[in-house]
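Per TrEMBL, the feature domain 'FMN hydroxy acid dehydrogenase' maps to 1-359. Marked as glyoxylate binding site by TrEMBL: Y24, R165, H254, R257. The FMN binding site annotation in TrEMBL covers P77, T78, A79, S106, Q128, Y130, T156, K230, S252, G308, R309. The active site, proton acceptor feature in TrEMBL is assigned to H254.
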Amino acid sequence: MALVSVRDYEKRAHEIIPRNALDYYRSGAGDELSLHLNRTGFDRLRIRPRMLQGGSTRDLSCTVFGQRFSMPIAISPTAMQRMAHPDGEVANAKAAATRQVLFTLSTISTSSIEQVAEATPNAPKWFQLYIYRDRQLTEELVRRAERAGFRAIVLTVDAPLFGLRRADMRNKFSLPPHLSMANFVGKAASIRSQGGSGINEYIAEQLDPTLSWDDVKWLLGFTKLPVIVKGILTREDAIIAADLGVQGIFVSNHGARQLDSVPASIEALPEIVAAVGGRVEIFLDGGITQGTDVFKALALGARMVFFGRPALWGLAVNGQAGVEHVLDILRNELDLTMALAGCKTLADITKEYVVHENHYSKL
């Protein structure tokens, strides 16, 4: 079967990835209500296309923090990518570089900060950060990212503990023994089940459960890189973050893997844009599987849209080339959506182009 959509790659990847890793990648928290909402949230939005707008080509390029990208689509941080393919994060980052899009490296990656930087020396990259109990260790991660040429720090704020991930509990998830947390040595590099989910046990032991806004101030105080907080779902937290001086906000529910019953990221986006959209850059991840999803998120105020799982599916199926093809699919779908909706540039994609399905029931 020809692979012509992200869904095609997902189906193929599910046949390839070992069950322990597959369930880790694909599962959500609890009963997976929010995982379902991440998809149906987009399905409930309707595009209002405009006709006879003229123009035969579209400009998909965008600029964020002074860096120009080929399109407003980027790769989210996802952990332990060498479970999907031996080349892991390095292949994913190289794919992003060839397509002139942004790659974000996870703290709990199976390829190190330095390995990814060496493989993509001139490509723009961001580093996702967890706050460890050991603050010296945490600061050293940031310093390593700075030295390696990463362009921003993405601080995950929705994971002082990991959510209730039942699939990992059933599987007694452990990182395969030939892999390790490449950014660490010693105990912090190992994820082995002690009877339950090894990743949850690791996080409970290593990360600081007392994470607070003071930690955001601490990070802002010592790094010169832009700081983006990832995991914001309410206007109240968005305002606090903007007031503290962060440069960006990631509207994200962590792939629906933390607290079940939270809204889909796309549902939370409008209130956050309304609260602080003029003060900081707004990004979104969660549920992106096609170009129409990207269009809807841009219309509702996101500057750039990120995805994680589709890159893993591409990686599993065909390594770097698979991720490149997934990016090409999404680019082509966004370009076609813009053409048929009557938008020649990203600036043309405004909130007037998208309404909730309830809009039509009220007419």
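Quick reminder: no glycine exception, Cβ is built from N, Cα and C everywhere.
Automated prediction, rather than curation, is the source of TrEMBL annotations.
Ranked by CA distance from H254 (glyoxylate binding site), the binding-site residues A79, Q128, T156 have T156 at the top as the closest. Among the binding-site residues listed (Y24, R165, R257), Y24 has its Cα nearest to the Cα of A79 (FMN binding site). Take the Cα of Q128 (FMN binding site) and measure to each of the binding-site residues Y24, R165, R257: the nearest one is R257.
For the binding-site residues Q128, T156, S252, the greatest number of Cβ atoms within 10 Å around a candidate Cβ is found at S252. For R257 (glyoxylate binding site), the same-chain residues 6+ apart in sequence whose C-beta sits under 8 angstroms from its C-beta are S27, G28, A29, L35, F162, G163, R165.
Each residue contributes its Cα atom, and for P77 (FMN binding site) and Y24 (glyoxylate binding site) those atoms are 14 Å apart. Taking a C-beta cut-off of under 8 angstroms and a sequence separation of 6 or more, Y24 (glyoxylate binding site) has the following same-chain neighbours: M80, M83, R165, A167, D168, N171, F173, I199. Summarising the glyoxylate site geometry, the residues cited as binding it (Y24, R165, H254, R257) extend over a maximum Cα to Cα distance of 13 Å.
Take the CB of A79 (FMN binding site) and look out to 10 A: across all protein chains shown you find 19 other CB atoms. The average pLDDT for the domain 'FMN hydroxy acid dehydrogenase' (1-359) in the predicted structure is 96.
By the criterion of other Cβ atoms within 10 Å of the residue's own Cβ, the least surrounded of the binding-site residues H254, R309 is R309.
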